[in-house]
Number of protein chains: 4
Amino acid sequence: MKEEDKLSPWKNKLHEIIYEADTPMGKLFDLILFFIIIFSVILIMLESVKSIDAEYHYVLLTLEWIVTIFFTIEYIARIVCIKKPKNYIFSFYGIIDFLSTIPLYLSYIFVGSQVFLAVRALRLLRVFRILKLVQFLGEASHLKSALKASRAKIIVFLFSVLIASVILGTLMYWVEGDEAGFTSIPTSIYWTIVTLTTVGYGDIAPITPQGQFIATVIMLLGYGIIAVPTGIVTAEFGRQNKDKSNDGEPGRYVHVNTQSCPTCSKEGHRDDATHCYNCGALLNE
Amino acid sequence: MKEEDKLSPWKNKLHEIIYEADTPMGKLFDLILFFIIIFSVILIMLESVKSIDAEYHYVLLTLEWIVTIFFTIEYIARIVCIKKPKNYIFSFYGIIDFLSTIPLYLSYIFVGSQVFLAVRALRLLRVFRILKLVQFLGEASHLKSALKASRAKIIVFLFSVLIASVILGTLMYWVEGDEAGFTSIPTSIYWTIVTLTTVGYGDIAPITPQGQFIATVIMLLGYGIIAVPTGIVTAEFGRQNKDKSNDGEPGRYVHVNTQSCPTCSKEGHRDDATHCYNCGALLNE
Amino acid sequence: MKEEDKLSPWKNKLHEIIYEADTPMGKLFDLILFFIIIFSVILIMLESVKSIDAEYHYVLLTLEWIVTIFFTIEYIARIVCIKKPKNYIFSFYGIIDFLSTIPLYLSYIFVGSQVFLAVRALRLLRVFRILKLVQFLGEASHLKSALKASRAKIIVFLFSVLIASVILGTLMYWVEGDEAGFTSIPTSIYWTIVTLTTVGYGDIAPITPQGQFIATVIMLLGYGIIAVPTGIVTAEFGRQNKDKSNDGEPGRYVHVNTQSCPTCSKEGHRDDATHCYNCGALLNE
Amino acid sequence: MKEEDKLSPWKNKLHEIIYEADTPMGKLFDLILFFIIIFSVILIMLESVKSIDAEYHYVLLTLEWIVTIFFTIEYIARIVCIKKPKNYIFSFYGIIDFLSTIPLYLSYIFVGSQVFLAVRALRLLRVFRILKLVQFLGEASHLKSALKASRAKIIVFLFSVLIASVILGTLMYWVEGDEAGFTSIPTSIYWTIVTLTTVGYGDIAPITPQGQFIATVIMLLGYGIIAVPTGIVTAEFGRQNKDKSNDGEPGRYVHVNTQSCPTCSKEGHRDDATHCYNCGALLNE
C-alpha cells in the first residue's frame, strides 16, 4: 500500500520543481512559467489588433501553437507527478489550466469555436498561483482581510445604491424619454449608475431642464456617498494598523532607547532608567 | 370593549403571517413576496424595452395583471387583519403599497394615465420592509447612524458646493457663451456640477482658452474637496469603531483619575468626586 | 465730541435691525433679505434662459428693478446708520454690496455694459453674511479649520499635480498631435487635468495606441493620488474628533450612567458605584 | 595636491551663488532662475499654439534664444565652479539641465529634430531643485514618506487592478465587438481602465444590453475599490499624525505594565523586567 502511495523518484523531483518554489530549479521553473504566461497574454492581445494580425498572422499563430504545446506538456506533467490527480484536475487552478489550454485545439475540431479563443485570457489568473508560491502577496492578504472585514457593510451599501439606481433610473426614463437616449428603463438605470459612480460617459445625457436637475441631484449624491465605501475601508485599515501596533494588547507604552546594559548586554531600556531591567546593574549615563 | 379589540383567530393567524417573520409560514410569505416584488420590477423594466414589448406585449401584460391582483389581495389582507386599519393605510409603507398597486387599474379608467405606470417602480421600496423584518439590515443601521452623525457637516458642505457652483456657473456662462453649449446660467450651473463632481459627460465642454482654464480650476477644486465628505464620514466611522471597542456599551464617559480612596483603596474616581463611589468615605483633596 | 460719536436713536434702531440679528425685527429683516437675495439670483438665472427672457422680458426687468431699488435703499441705509461709513464701504461685504447693485444702473448709462450684469450673481455671496449672523455656520467653521490645518499639504499636492500635468501634457502633445484634438500644449495640459481628476469629458481623447497607453498611466495615477487629499483631510478630521472627545486631556475614561444620587441629586455615577461621588451617600441599586 | 583641490576665490563665490541659497546673492539668483524657468515653459506653451505662433513667431524665437543662451551660460558656470564637474554632469539635475538646453541648437544642426523641442519642457523639473534649496518642500517630504510607507500595498493594488482590467477588457471585446468601438483587446483594456477609474471619456461606450451590464459591474467595482488606495494612504497619515503626537520623538516603544517596584514604588516596568529600572531592586514575579 505504502509503495503505491509513494511517487517514483523522478516524479518526486518533478513535483518539487512544478509545485514548489524552494529549490533553485523550482524557482527557475516558476520564473519561466511567469514570463511565458505574460508572453502568451500579449500574443492574444496582438492577435486581436486587426492591422497586426493581418501582417503577422502566421508568426502569431506559430508562437501561439508553441505556447499552447508548452502549456499542454505542463498540464500533463502536473497530472503525472501528483499522487491524487483528481485533486489537481478539479481544483480551481486545474480548471483554469484546462480551460486556457484547450481553446486552440477546439478551434480546429469545431468550426465556429474561434469565439472561445478569448477564454485563453484566463491564463492570466495562473499568474496568481506563481505569485502565491513566491510569497509576493503578503501585502495582498492584508488588503483582503480589510475588505473581508468590511464586506457586510459594502454589500448593504451596494444594495442600497442599486435600489436607488432603479428608482432614479425609472424617474429619468419618465422625465427624459427617447430623445435624450433614455430609450428604456434598463438603459436609464445604466445611465444612472454611470452618473452615480461619476464615470459620466456622455453617450446619454439629459437635455430637459428637469432632467438636468435630477441629474445634478444624482451627481451630488454620488459625489457624497463615495465617502461611504471609503470610510468603511479606511476605518478598517485604521483598526488593523492599531491592532498591529500593540499586538492586540491594550495598555501603556514607553519609549525605549538603544542603550545596552554594560553587565548583561540587554537592550531596550526606558529613557529615564538608571538600572537594567534584567539584571539590576547600574546603567551608564 | 375588549372583545372588539381582539381579532378573530384566523385574522390573528393572517396577521402573524403577513406582518411578522417569526413563524415558518411568516418567513415563507416574506420570501415569496420578496421574489414577486423583484419579479414585478423586472416586468416593468422589460415592458419599457420597445423590442421586447413589441414581441411579448400580451405575455407581459398578463403577468403584470397576475402580479397586480396578487398585490391587491395582499393589500386588502393587510387592511383586514390589523386592528386599526388607519395605522397601516396612512403609514409610509401603506401609501407605497397603494401607489404601486393602483396604476394598472387607473390606466384602464383614465385614458392617458399610462404615464403613471412608472409609479409602479415604487414597489421596490417594499423590499426594505421585508429586509427589515428579517434583520438583514443590521449593518445598514450602522451606516445610517454614521451618516446621521455627520449630517450637519454634509449639509453645510453641499450648501457651499451649490453656492460655488452658481457663482462659477455664471462666470462660465459669461466667459464661454452659446457656442460651447453654455446657453443659459442654469445650464452653466448644471455643467459646473457635472465638472465639480468629476462626472464629466462632455455634452458641454469649454472651447475658449479662458473657459478651459476656469474649467481646470473647477476640476482641481472638485478633485480636492471630494476629500471633505470622505473625511467627515471616515472620521465618523473611526469614532464609532472606537466607541464600539469601549465594550460595545453606548453612553456617557467621564474622565477618572488615579486617586485612590483612603478608606477602601478603590481607584478610578471622577475628577470632581469628593466621596469614594465604593465606600462613601471622604476623598483627599 | 462724544455727542458726535453717538448715533441718533432712530439710526441706532436701524443699525440694530440691519447689522444684528438678536431682536425680532433684526431676525425678520435678515429673513426677508435672505429670500430677496435668493429670489434675485433666480431672476438673473431666468433672464439668461433665452426662451423665458423672450416671453417674460418686461416682467423680469420690472422685478429686477424692484430688487435693485430695494438693494440700493438697503445700501444707503447701511451707510447712514453706521458711525464710520468707510469701515463698511471698503469692507469685503461693502464692496460686494456695491458691485452687485450697480450693474443695472450702469447698463443704462454706458451702452455695451450689459455684460457686467453677470456681476450681480455676486449677490449670492451676501447670503454668507446673513448665515454668519444667525450662527448657522458652526459646522462650517469646523470644516474650515480642518481645511486650514491641512492647507500647506494641499498646496504642495496641487503644485505637484500641476507640474506633473504640464510634463505629461507636453508628452501627450508630442505623441498624439492635432488629429486627436491635442492642438497645443495648453490644450494638452487641459486634457491631462481633465483625465487626472477623473472628470473625462471625452471632447479630446487619445487615438494612437501609445497615447492610450500614456492616458492609462495618467488615469491610474489620478485614481491613486486622489487618496492624498482625502488622506490629508481625513487624518485632520480624525485628529480634531479625538481632541474634542477628551478635551485635550489624556487619561482613562469610565462609563457613567444616568442614575442620580437620592441625597444630593448629582448625576454621572460609575456603573459599579455604591456611593455618591459627591456626598458619599448610599446609592440605590 | 591640496592647492589643486581648492577653487579660486571667484569660483568659490560663484559656487556659493549658484549652488547655495544662504547668501542674499544666492537667494536672488535662485529667484531669478525660478522666474526664467517658468517664463521659458510659458514660451514653449505659447509656441505650440498655432494662432499665436503664426503672429509672434519671431518674437517668441528671439525670446527662446535669449533664454537658451542664459541657460547655456548657467550650465557652463555650473561646470566651471564645481570641483568635480563629473559629479554634476552625470547627476540627475545635470542631465536635465543638458537635455533642456540642447534642443534649440540641435534644431539648427539636424533638420527634422524640431520634434525634440518638446524635450525643453523638462526645464520644469529644474524648479524642484530651487524649491529644495529654499526649504519649501518640508510638507512634501511628509507626503512622500506616507506614500513610501504604503508603496507595497499600492503596488499590489495596482497590479490587481491591471489583471482585472485585462480579463474584463477581453470579456468586453468578446461581448461588444467592433461596432461599439471595442476594436481590439488593447483598446478594450484601455476602455476598462477608463471606466474603472471613473474617468469615462465616452469615446467608446457599450451599446448592447450585456455590454452595458458588464460596464455597470465595472463601474460599481471602480467606485468601490477607489476606497482601497484612499484607505491605505489615510491610515498611513493617521499613523504618522499619531507618531508625531508621541512627542515627535521617533524610536521604539515597549509595553509597560502597572507593576510597581517593591523598593522604590516606581511604576512603568517592561513586561519582561526582573529588576527596577530606577533602583535596581528585584521585582516580584
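Placement of Cβ uses the backbone N, Cα and C atoms for every residue, glycine included.
The annotation domain 'Ion transport' is assigned in TrEMBL to A:27-244.
Per TrEMBL, the feature transmembrane segment maps to A:28-46 (among others). With a cut-off of 8 Å between Cβ atoms, the residues of this chain six or more beyond the transmembrane segment (A:28-46) that come close are 17-18, 21, 52-53, 56, 60, 63-64, 67, 70-71, 74, 117-118, 120-121, 123-124, 126-127, 130, 133-134.
The annotation transmembrane segment is assigned in TrEMBL to A:58-77 (among others).
Sequence-distant contacts of the transmembrane segment (A:89-111), counting only residues of its own chain at least 6 positions beyond either end whose CB sits under 8 Å from a CB of the stretch, comprise 64-65, 68, 71-72, 74-75, 78-79, 117, 119-123, 125-126, 129. Among the features that TrEMBL reports, transmembrane segment is placed at A:89-111 (among others).
Summarising the annotation, TrEMBL assigns transmembrane segment to A:154-175 (among others).
Sequence-distant contacts of the transmembrane segment (A:213-235) (same chain, at least 6 residues past either end, Cβ-Cβ under 8 Å): 146-147, 150, 153-154, 157, 161, 164, 168, 171-172, 175, 192, 195-198, 205-206. Per TrEMBL, the feature transmembrane segment maps to A:213-235 (among others).
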As a test of reading the model: what is the averaged pLDDT for the domain 'Ion transport' (A:27-244)?
83
